[in-house]
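Listed features, source TrEMBL:
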TRANSMEM  A:12-32  transmembrane segment
DOMAIN    A:41-195  domain 'DUF6644'
TRANSMEM  A:44-65  transmembrane segment
TRANSMEM  A:110-127  transmembrane segment
TRANSMEM  A:133-153  transmembrane segment
TRANSMEM  A:173-192  transmembrane segment
Amino acid sequence: MLSNLLSNYRTVAGLAFVVLAVVLVEFFEVRASIYPSLLPFFEWLKYSSWIGYLGITYGSVYATIQAGHLISMAIIGGTVLVTDLRLLGVLLKDIPSETITKGTHQCFKYSLMVAIATGIFCAAGVADKVYYMPVFWIKMLALLTGSGFMFFIKQPLLNSRPHHEIDPWTLRILAAASIFIWFTVAATGRWIGFS
Amino acid sequence: MIEVEGSTESIKDLQYAAVTISATIIIFFVVYWIIQIDSVRELLELAYG
């Protein structure tokens, strides 16, 4: 009975496992015990790694790569908004949502790769500062949640069948959650910049 | 065109997972932003009365 349920509802079981793992990590204070041991890595990233050296020494290189980071984040925001507002029935109603979700996902994937690569460089230049910022960790959490949500939940569901066969409220709640996550990634990113 | 993949159970599984995680995400981030906005409001009140 249980194995039958688990095999039929693998994604739900996987999600329950992830939530349970997060609760256990917080309950046993694993995150709090790991946090201090990350400081040497952040210090090494800023003062000893070549990307940290480049970022600290050459302001023009840092500014150029940060521009790449902002452009890639803007493209991510654009693809997310176009896809989700189409799923909510706000934009581009004359184009099938399947066409839009497939087209924008390719762009999203490449922009995410660029955003992560340039983001590591940007963080390296100010690593000893961002380590102490709670908002930096909230951004990392939102980025991780957003990527996991996109690749393991949203895309598999949207690619599984024509969208008119999926419950419309499921599509709406999916789109709203996606907008919320990426809004948080963008807002916390700017917050880091102003801290 | 999208080809229909998987059984009814696998689609139900994906839909349940999508609704559950979406609702959790929305609740978490709404609470997070309410707390942030409230803390800014309190700071402004302390600064300007």
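Placement of Cβ uses the backbone N, Cα and C atoms for every residue, glycine included.
The stretch in closest packing with the transmembrane segment (A:44-65), judged by the count of Cβ pairs under 8 Å and taken from A:12-32, A:110-127, A:173-192, is A:110-127. Beyond its flanks by at least six residues, the transmembrane segment (A:110-127) meets 42-43, 45-46, 49, 51-52, 54-56, 62, 65-66, 68-69, 72-73, 75-76, 79, 136, 147 of its own chain at Cβ-Cβ distances under 8 Å. In this model, the domain 'DUF6644' (A:41-195) carries an average pLDDT of 88.
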